Amino acid sequence: MGNKQTIFTEEQLDNYQDCTFFNKKDILKLHSRFYELAPNLVPMDYRKSPIVHVPMSLIIQMPELRENPFKERIVAAFSEDGEGNLTFNDFVDMFSVLCESAPRELKANYAFKIYDFNTDNFICKEDLELTLARLTKSELDEEEVVLVCDKVIEEADLDGDGKLGFADFEDMIAKAPDFLSTFHIRI
């Protein structure tokens, strides 16, 4: 008549704890959140490691993401299937990277992926324009957008190639004191 959870094996829970910044209680809470997204799709028993993909369209409706202008980009950055659908492992990874205790370097890596719209491993002027459009809801005129993008590249482009590589981006993030406090969501 115990109160023992039967969603995961102890080994699975230990593995999640080893690979994330979460404890057992957090993992079970994440499963509950994942289950709530698609109760007809997500099983209550993960002991046999089922592979279930919850569609991006459901994930971006979560309160933590719903109003975020980068919600699709965030989910896509953690999706292993390339379509933006998340398995439970992907879902846990997303919350782990975006939790308060994740290190700056890990967060910077995923932030870079989110802002690299054309996936060329650089943040170019076009990526910055798309970022600005989302952040300002396209309220800046074309001249203002060009000015801001040029200024960002001028200040952050350490090697002078006209675009931001990961090292440039990481250096820029290191100078942004609010990056860690804004690049997170709570479970």
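Placement of Cβ uses the backbone N, Cα and C atoms for every residue, glycine included.
Listed features, source Swiss-Prot:
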- ASP116, ASN118, ASP120, ASP127: Ca(2+) 1 binding site (BINDING)
- ASP157, ASP159, ASP161, LYS163, ASP168: Ca(2+) 2 binding site (BINDING)
- 66-101: domain 'EF-hand 1' (DOMAIN)
- 103-138: domain 'EF-hand 2' (DOMAIN)
- 144-179: domain 'EF-hand 3' (DOMAIN)
Those binding-site residues listed as ASP116, ASP120, ASP157, and which of them has the most Cβ atoms within 10 Å of its own Cβ: ASP116
Cβ neighbour count (within 10 Å, all chains shown) around ASP161 (Ca(2+) 2 binding site): 12
Positions whose Cβ lies under 8 angstroms from the domain 'EF-hand 2' (103-138), at least six residues beyond its ends: 69-70, 73-74, 77-78, 97, 145, 148-150, 152-153, 162-166, 168-170, 173-174, 179-180, 183-184
Around the Cβ of ASN118 (Ca(2+) 1 binding site), the count of other Cβ atoms that are within 10 Å: 11
Distance, ASP120 (Ca(2+) 1 binding site) to ASP157 (Ca(2+) 2 binding site) (CA atoms, angstrom): 16
DSSP-derived helix, strand and coil totals, residue by residue, for the domain 'EF-hand 3' (144-179): 23 helix, 1 strand, 12 coil
